[in-house]
Amino acid sequence: MFQQILSPVADNLFLSFLVGIIPIIVVLILLGIVRRAAWQAALAGLVAGFIIAIAVWRMPIGLAADATLNGIAFALVPVMWIVWAAMWLYNVTVRSGKFELFRRWMVYNVPADKRILLLIVGFSFGALMEGIAGFGTPVAICSALLIALGFPVLEALTLTLIFNTTPVAFGALGVPIVTLAGVTGLPASTLGAMVGRQLPIFALFLPFYAILVFTGWRGLRTVWPVALVAGLSFAVTQFVISNFVGPELPDVLASLVSLICVILFVQIWKPQDIEQYRASVAAVPAAVTDGSAIGEAHIPASSSVDAAGSEGKPTLQESIFAWLPWLLVSVIVIAWTFLKVPTLGQQLIKWPGLHNVVFLTLYRKPYAAVYTFQILGTGTAILLAVIFTTIVVVLAGAKPIIFVQALADTWRQLRFAILTVVLIVGLAYLYNYSGMAYTVGLAISKVGAIFPFFSVFLGWIACFLSGSDTSSNALFGNLQVVAARQLNLSPVLMAAANSSGAVMSKMVSPQNITTGVSTTELVGKEGLIVQRTFIHSIILATILGVIVLIQQYLIPGIIPH
């Protein structure tokens, strides 16, 4: 049995910490400074991690390979299976012309003001997509729609990534919170309530923050009422549902309430300076099918995209078709989850050569390696929505070939994203089983009384590596609780801080970004995005760290018991 070494460098925890974060630094430098493609940065990080795990943490080569392969398997199913199905649905809507209908519905039913459309599409609709699918698909779909509405590509991606924070902890119908409860032994309802007393603060001011980033003070000054409606409606709903109902529905219900409130509000109130921020009304192709950019007329006219109907305001029937795919996938995924369909035919596979072969020194127990394969997981539910949507649009006049064309589009868009994700998640699993992750976490936990601030960055690091709040909670959730009890802090607060902190690194995570850029011209140029989002990620994580400090020391009564 391989026993993890927590201080392999000169028996010094701090020096071991510095060596342990080298793969993370390699990825960040290659992405943000050297501007290499995400898959190249992830590959370099994995190679660095593999060498360090073997040479410094003394992990046997076979075990290191097994850990990496376990991560790759998880990256393919369920992660990229969910992403693949969601992007297939998106491409069916593009090929059938229903995505263009969706764009036209936005243009003609709400003020054609980019700031308002940003809040509706990037914030409210993006949160709905996060609540259902996650793993970067909200960024890919929402940025494509924003670009089709006339947003510059880099702006659209940056802003949707900034928005892809507050919904994440309750994404996929509460799976991150349920996972956190499983590894910590704390009640999911209590953890969800605590996260629901942190993230709604960000939900309230994030619309203001994003508009400020997009237009500056001048643009925010004339549209702040809409930002207030979007943020307040989301924050209140997220708080109420997470505290009084449970962790499964805060995202879905908060996003729907926010979406409805904003759309209704802008029917009776409009900013006076719409012309300065007017969105594109003309039809713009909104897919990447051959590697070129959104906004270029590269799709052949001969049946590649079925007609979306005449230009102008969509009819009632067209409006129904515009919203149908997204409402359909929402209903199917929610019903699928609550009926526990994913557990049917579920296989628990003890990973050969890895299961209980590694000894977790920090927790003094063997490290399990059980791969959960769900043939009827969330990705399959989304695939069902793809099939139903295709049937509906074909009955409405679209050509059946769009189903296959959309599949080909999805492969062209996601081939590099798949490569990036398997490499970065493989690195995350190598971090876990080698002991590097626990060295990094243990070192951060030694900061003493200010640990509540740094607990946020533990979650940040884990989510940066894995691209998943769920994986972050599985990795460091229990460490947060152990450190909290040693320092006489609240275990509930520290565990929640891990989940809330993780969401702040989604905007710089290679897994999230590489999926997000898949529908744009920036495939292979993910470093441009990291350069734009990194500062926002650190700012938001720092603010959260201060909030956690305040909750621990100044208002401990806010912590649920």
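Cβ atoms are placed via backbone N, Cα and C, with glycine included.
Database features, via TrEMBL:
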TRANSMEM  12-34  transmembrane segment
TRANSMEM  41-60  transmembrane segment
TRANSMEM  72-94  transmembrane segment
TRANSMEM  115-132  transmembrane segment
TRANSMEM  138-163  transmembrane segment
TRANSMEM  224-246  transmembrane segment
TRANSMEM  252-269  transmembrane segment
TRANSMEM  320-339  transmembrane segment
TRANSMEM  381-402  transmembrane segment
TRANSMEM  414-431  transmembrane segment
TRANSMEM  443-465  transmembrane segment
TRANSMEM  534-555  transmembrane segment
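Long-range neighbours of the transmembrane segment (115-132) within the same chain, counting only residues 6 or more positions beyond its ends whose Cβ lies under 8 Å from a Cβ of the stretch, are 86, 106, 138-139, 141-142, 145-146, 149, 151, 159-160, 163-164, 166-168, 170-173, 206-207, 210-211, 214-215, 219, 223, 226-227, 230-231, 234, 251-252, 254-256, 258-259, 262-263, 266, 271, 277, 279, 326, 329-330, 333-334, 382.
As a quick check, the transmembrane segment (72-94) and the transmembrane segment (414-431) clear the bar of 3 or more Cβ pairs under 8 A, pairs 6 or more apart, so the two touch. The transmembrane segment (41-60) is in contact with the transmembrane segment (414-431), judged by 3+ CB-CB distances under 8 Å for residue pairs 6 or more apart in sequence.
Tertiary proximity for the transmembrane segment (414-431) is limited to same-chain residues at least six positions away from its ends with a CB under 8 Å from its CB atoms, namely 23, 27, 37-39, 42-43, 45-46, 49-50, 53, 64, 67-72, 74-76, 79-80, 83-84, 87, 136, 437, 462, 465-467, 471, 475, 509-511, 514-515, 518, 523-524. Between the transmembrane segment (320-339) and the stretches 224-246, 381-402, 443-465, Cβ pairs under 8 Å are most numerous for 381-402.
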